[in-house]
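The next block holds one structure in the form of structure tokens; read it before the comments.
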Amino acid sequence: MLAEGLELLIDGLARGVILSLFGLGITLVFGLGEILNLLLGVFAVVAVIACSILLGTVPGLVFAGLIAVALVALFALVLDRTVISLVYREEGEDRILLGIFVTLGLSLFFEGLLFIYYPGGVFLDVGVPSITLAGASLTGSSVAVIVAAAVLFGLIYYFFNHTYLGIGTRTVIQDETGAVLCGIPPRKVQAIVFVLSAAIAGVAGVFYALDAEVTPASSFTLTSFAIMVSIVGGVDSISGTVAAGIVLGFIMTIAGALFGSYLATVTLFAAAIAVLIYKPEQIS
Amino acid sequence: MNANNPLSSIRSQLPVIAVFAALLLVPPLFFDPSTTYISRRFITVMTFAIFAMALNIIFGETDQLILYMGGIAALGTYTTVLTAQHFAVSPWLTLFVGAFVSGVFGGLICYVAARRQFTVIVLAIVTFAFQMIIMEVIVGLRDITGGTTGIPFRDLDLPAVESALGIGPFAVQFYVLVGVFAVVFAVYTWLTNSKYGLAFAAIRQDEFAARATGIDVIRLKVFAGFLSTFIIGFVGPFYAQTTGIVIPGLFSFNGVDVLVLIILVLGGLRSRFGPLVGAAIVIYLDNLLSQFGQWRTVTFGLLLTFLFIYFQDGILPMAQTMYEEGGVRDRLAGLRSGE
């Protein structure tokens with residue numbers, strides 16, 4: 001019983017940190033520029049596919065993963081400079097609506113392309129050995145994901161609290177006009193954060209693919225999960241999103257173990273609906 | 001213009017008469033008894049035109065964006081089919097039960113949204129989450145819903161009418177949908193020309209000002225929400241009837257909501273014939289692209305992006321502006337007087 005509990009705890013935590021990362025991808029861009037980025041899942045799937053292709057040519061998952069994430073960041077930069085810039089020209093509710101539809105259209109566009117060129121499922125099975133602890137057999141990839149995500153959270157924390165750019169980003173989130181008066185160019189910060197969020201989604205995608213198969217259709221599912229986590233976390237709060245991801249990861253894992261996987265997904269969406277009904281003013 | 005002049009009032013109704021006459025001529029002209037493919041495409045156009053009309057009422061008129069049209073259609077369809085099976089009655093009766101359940105559900109969501117003062121994006125996300133939940137529940141409760149295997153369903157037919165008029169089942173279904181379209185069209189026309197239309201316009205402009213003038217904003221929003229989801233829930237079973245099977249895949253977000261959004265924006269928000277024109281174009285495109293597999297998704301993605309960045313006003317309103325501003329009307333008038 002205890003061993004079972006420990007196994008669930010580790011798997012739940014691993015799922016939680018992955019959800020946190022996806023949620024951060026939404027939170028950063030929405031909090032900063034009010035664009036609900038429905039392309040997020042595409043970034044994750046592209047990273048996973050790139051990583052699986054690179055695995056054949058470069059040694060080691062870490063190396064392949066890093067190059068894949070860099071490629072996704074470049075991809076995001078191109079998009080930001082072109083189509084996303086058109087969305088940023090609008091303001092207020094117009095920007096929010098245009099952002100939803102433009103990123104929805106783009107995600108369909110890229111999802112279709114992925115289906116055409118990489119229709120199969122990708123599973124980054126690198127064979128992380130399982131770890132036995134106190135009679136529990138812990139999934140190796142879960143432990144690896146938790147450790148790697150902890151490092152990543154540390155880096156993100158450092159970025160937002162101790163670097164000029166990170167503090168500048170938080171300034172723009174709080175007050176765009178105030179940021180301009182302090183000499184921080186919002187559009188530039190928005191571009192950097194858009195790229196950063198794509199990179200985070202790429203990392204989360206690679207983590208996710210260690211334990212599950214990823215297909216082009218996964219991009220839609222992953223995007224919807226990310227939005228729900230971000231909402232439960234408060235949409236513009238970075239620490240709130242991380243906490244929400246971890247809590248939801250646990251709830252989903254436990255609900256999944258007790259009642260079956262479909263109720264796990266239902267729980268996630270129901271939690272988001274409950275939070276929105278309770279505090280609808282958080283997105284305005 | 002003199003509105004009381006009977007001749008001018010008939011002339012203003014001419015487009016409506018022409019469109020419905022053309023719709024009635026579709027089955028004898030295009031339906032081929034040897035292949036059901038073409039007829040089914042025409043039926044799909046009518047189905048999606050009605051879906052888009054419903055979205056036009058809730059989104060176009062009251063600015064409430066709902067992203068669970070697929071889920072609502074599924075709710076209406078499964079309620080209709082399952083109650084018909086359970087009580088061993090005709091789905092023609094339970095159709096109204098399905099629509100009513102959908103309408104009450106939709107109205108309830110709109111009530112909560114209006115009470116809690118949801119912005120357009122909050123309602124969009126909440127309804128999207130419901131779309132995902134409805135899909136998951138349908139697949140999960142496979143003992144009741146048949147899961148992904150589905151339930152065979154072809155009972156919304158009228159064999160007596162078929163034999164009386166000597167036409168096929170698809171032609172009958174098409175005419176039934178034209179009838180539904182006509183009713184929705186009439187209701188929408190009446191709504192926009194009545195005090196409700198003015199109240200909707202006031203809500204769109206400034207909700208608080210509308211409230212200050214004594215408009216019951218919550219009641220109107222719930223009313224629009226009930227009406228739209230009732231219509232979607234009503235048409236859902238016909239949508240399933242065309243494929244002959246009720247499966248969750250039929251009601252997916254990409255399969256219904258995305259198409260309806262493209263149709264409505266292409267045709268033009270708050271345009272009476274926009275949904276029909278948009279549906280005809282989109283289903284024709286869909287048909288054209290279906291042989292190219294996923295290039296269909298790629299094209300629709302591109303179309304959605306392009307439409308929203310450059311053509312938010314839609315095709316019909318744009319054509320109308322060109323007609324009025326580009327002097328087409330004057331030239332036509334000149335031709336007529338020069339006879």
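Even glycines carry a Cβ here, placed using N, Cα and C.
Because TrEMBL annotations are produced automatically, they should be read as predictions rather than curated entries.
The annotation transmembrane segment is assigned in TrEMBL to A:12-31, A:38-55, A:61-84, A:96-118, A:138-160, A:191-210, A:222-251, A:258-278.
The transmembrane segment (A:12-31) makes no contact with the transmembrane segment (A:258-278), as judged by fewer than three Cβ pairs under 8 Å among residues 6 or more apart in sequence. Of the ranges A:38-55, A:191-210, A:258-278, the one with the most Cβ pairs under 8 Å to the transmembrane segment (A:222-251) is A:258-278. Against the transmembrane segment (A:96-118), stretch A:38-55 shows more Cβ pairs under 8 Å than any other of A:38-55, A:61-84, A:191-210. Listed as Cβ neighbours of the transmembrane segment (A:138-160) (distance under 8 Å, sequence separation of 6 or more from its ends, same chain) are residues 6-7, 10-11, 13-14, 17-18, 20-21, 24, 126, 128-132, 166-167, 169-170, 200, 203, 207, 210-211, 238, 242.
If you look at the transmembrane segment (A:61-84), the same-chain residues 6 or more away from its ends with a CB under 8 A from one of its CBs are 35, 39, 43, 46-48, 50-51, 54-55, 102, 106, 124, 126, 190-191, 194-199, 201-203, 206. Same-chain residues lying 6+ beyond the ends of the transmembrane segment (A:38-55) with a Cβ under 8 Å from its Cβ atoms: 22, 25-26, 61, 63-65, 67-69, 71-72, 75-76, 79, 100, 103-104, 106-107, 110-111, 114, 118, 122, 124, 126, 197-198, 201-206, 208-209, 214-216, 218-224, 226-227.
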